[in-house]
Each structure stands twice: as structure tokens, then as C-alpha cells.
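**Q** Take a look at what TrEMBL says about it:
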type   : residues : note
DOMAIN : 1-33     : domain 'Peptidase M13 N-terminal'
DOMAIN : 89-291   : domain 'Peptidase M13 C-terminal'
């Protein structure tokens, strides 16, 4: 990721230096916390015990509320995790400048220790890149290397970044997910920046790996580069009911999975080279319309 920052043609050296400082100060948490929460006062009952999903959910909400109240007036505990290890997800925490990967995401389709490197780079590698990219998205970029809400951008660079964000936002906002519903590129911009930056960074990582370790054989006729992009798309395989899709577009800052699978790739030159994409292909996007941010 540092190499990508150094090679940006729209960012000045002054801001690049600050960005790299932030990158180098980022901390990483993987799998599970060193200190576990005490859930002994959380009451969960099975159906056989007279409980219900609704009641259990209320008990969880009540427990979380009391846990938050208990933190008032105390120093911030930066060792705390905001997700349990059993959650298939990952996150970037701007005030802590940290990325966190619970244990549950370290399994297929994101990561498979038996899969070849290209598949894992396209899966968990791109997810790691996605979370790092949140450090520099439209929200995370407002925080400095120490997690303070502090502008570290030159005015010129911030204008360039904002303009590129608007271009990416327009791509998504032009998509009809349903006949009467378009995606909201402004609402999902941070996640879309994360996807685009993450895939780019992971692809560079794969190329570095191949340069150091040599190219493996094709698998089922597919090159490492093709397997990389296919792995990314596989991660976001999705089926929606129409109502669920409408709800996600209105409430979720992530684009629906089928668009996460393909739209970042349309902006990446290496994807066109890997699959020999031509102007007549549905995924083709003219070079001048491809957005490159990180």
C-alpha cells in the first residue's frame, strides 16, 4: 500500500508523507482479543427453557447498553474489540487507527489455507486492503496518524481526492439495481473506495509474491491473475429478494454484493489484461472513465 501511495500522480509529496506516517502507525488485531468480556450477567434462554429470539435479542441490547454506561468517566480501553471473534466481518477504527479481523473471517471463501495464493490474495488479501483503504476514504481520511480528527491534507490534494470520489460516486449512482431504484454512490462512497483500493493493493501484493516465488501452473485453464479476480467476485456472491435489495440500498453503506463483485474491477486495467476485455464486452469501461484513487 505504501508503494501505491508513493506512486500516486495526484497527491503532493507533503500529503504523501503524512499518509505514509498514518499507514506505518496503523495497528492490527487478528482473530480474538487478549482480554475477554464477562457475559455472566447476560441471560440467554433456549426455546425449551421458555426463551425466544426476540427476548434474547432484547437481553443482548440491554447488556450492551449497560456495558457502554459502565465505560463513562473511565479511560478509553484501546484493547477492546467492537466485534466478537465469531462474526464474519472486519473493520477499521478511525480514532484508534487500527484494523481488526475476527477469527470467523479467516475461512472460505475469504481465506483457505489449502487454496493457492492467487485465490487468497483475491479473497482475504483484498479484504485486508479494503480495511486499510478505509484509513484513507472520505471518512477515515479526516483522522490523522494518531486517530485525532485533524486535517492533514493540503487544500490542493483534498480537492483532487474529493473530485475523484465524485467520479466514483457517479459510476455507482448511475446503476439501476431495480427498474425504479438506483444505487446511492454518495451513501456508499467510503465502502466503494475501500473495495477499489483493496483490490488494487492486493493485486500488487500478488504480483510481488509471484515475482519472488515464481508463477504457478494454470488451474483449470485460469492464470493466477484470473484466479485472483474470480476469487474477489466469489466472495460477494449474493441472492436477494426484491424487498431485501431495496432495504439494503436505503440502509447499508455497502453496495449490494453483485455490484461489489464487478464494479471495482471495471476500474482496474489489470482486469482488462487478465481477461482480454474488449470494447464490446459488458464489463468494458473506457480508460478515461476508469477511476484510480489509491
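Cβ coordinates come from backbone N, Cα and C, glycine included.
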**Q** Under DSSP, the domain 'Peptidase M13 N-terminal' (1-33) has how many residues in helix, strand and coil?
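**A** Tallying H, G and I as helix, E and B as strand, the rest coil: 18 helix, 5 strand, 10 coil.
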**Q** If we skip the immediate neighbours and take only residues 6+ beyond the ends of the domain 'Peptidase M13 N-terminal' (1-33), which ones have a Cβ under 8 Å from one of its Cβ atoms?
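**A** Residues packing against the domain 'Peptidase M13 N-terminal' (1-33) from afar: 79-81, 85, 96-103, 106, 129, 132, 135-136, 144-146, 152-154, 156-157, 160-161, 164, 197, 200-201, 204, 294.
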**Q** Give the mean pLDDT for the domain 'Peptidase M13 C-terminal' (89-291) on the 0 to 100 scale.
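**A** Mean pLDDT, the domain 'Peptidase M13 C-terminal' (89-291): 96.
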